[in-house]
Amino acid sequence: MNVSPRPPLPQGPYLLVDDSVRPELSLVDKATCLLAGGARVLQLRMKRTPPREALAAARAVVARCREAGAVCLLNDRVDLALLSDAHGVHVGDEDLPPEAARELLGPGRYVGVTARGTEGARTALAAGADYVGVGPLFGTTTKVVQAPVLGLEAFRRVVAESPLPVVGIGGVGLANIAQVAATGAHGAAVVSDVLLAQDIAERVRQLSAAFDSARGTGL
Ligand SMILES: Cc1ncc(COP(=O)(O)OP(=O)(O)O)c(N)n1
Ligand SMILES: Cc1nc(C(=O)O)sc1CCOP(=O)(O)O
Ligand SMILES: [Mg+2]
């Protein structure tokens, strides 16, 4: 029986509102375009935005997500998640530990954790996580990641063995999201492929359709 007070995170594309990609667009504009395309899960990732601006952006993006019925997670920042009434956070090795995030956020919000393999997913479960972000699945230029690229086969094994829903991240885009969905992954996190698209909303529709058509097919 599922006794969690949190509904499962929606499946499919998991889209990052990142301040390092297309910096000429505001975070709110990026989120608005993603939501116009039907995005159901956004993660606000602000590595360059000063704190006061970040708080204002978090409040505005969370409000738009709530209007659209989408989930909004804050990257790294449990404080901003609480101040903006976000749905939760995503934390990795260099952030607050997931146990502390859970302690601060309580049972009603999501805590996502970065894992590099099955063992990390097991540890994340014990720490109170709701899902794991597993990567880098493919090569990425958005971030320098110290961990090796997993590739689809290793990723498929993690999905099969993980006790938590898995969201693949790193180099995911329209060219490969169907393959990611076919592994049985719960979600596919996308940054540059969607934010660099000429029509961001249309790219979200294409990513969702490709994910849905291949979901769990094992192809
Ligand atoms: C869904 C998802 N998975 C993994 C990450 C990476 O988080 P982290 O390891 O904390 O690295 P930064 O994003 O903080 O650079 C993520 N953000 N989202
Ligand atoms: C933020 C992040 N974390 C990663 C990890 O493997 O932990 S890869 C990544 C960036 C993903 O960007 P893109 O979709 O543009 O490749
Ligand atoms: Mg982090």
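Numbers run from 1 along the shown chain.
Heads up, the Cβ atoms here are built off N, Cα and C, so glycines get one too.
Curation plays no part in TrEMBL annotations; they are all automatic predictions.
For Gln43, Leu44, Arg45, Met46, Lys47, Asn75, Thr114, Lys143, the entry in TrEMBL reads 4-amino-2-methyl-5-(diphosphooxymethyl)pyrimidine binding site. A sphere of 10 angstroms centred on the C-beta of Met46 (4-amino-2-methyl-5-(diphosphooxymethyl)pyrimidine binding site) encloses 23 other C-beta atoms.
Within 10 Å of the C-beta of Asp95 (Mg(2+) binding site) there are 17 other C-beta atoms, taking all protein chains into account. According to TrEMBL, the feature Mg(2+) binding site maps to Asp76, Asp95.
On the 0 to 100 pLDDT scale, the model's mean across the domain 'Thiamine phosphate synthase/TenI' (14-194) is 98. The domain 'Thiamine phosphate synthase/TenI' annotation in TrEMBL covers 14-194.
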Cβ under 6 Å from ligand 1: qualifying binding-site residues of Met46, Lys47, Asn75, Asp76: Asn75, Asp76
Cβ atoms near Lys47 (4-amino-2-methyl-5-(diphosphooxymethyl)pyrimidine binding site) (within 10 Å, other residues, all chains): 11
Nearest-integer angstrom distance between the alpha carbons (Cα) of Asp76 (Mg(2+) binding site) and Lys47 (4-amino-2-methyl-5-(diphosphooxymethyl)pyrimidine binding site): 9
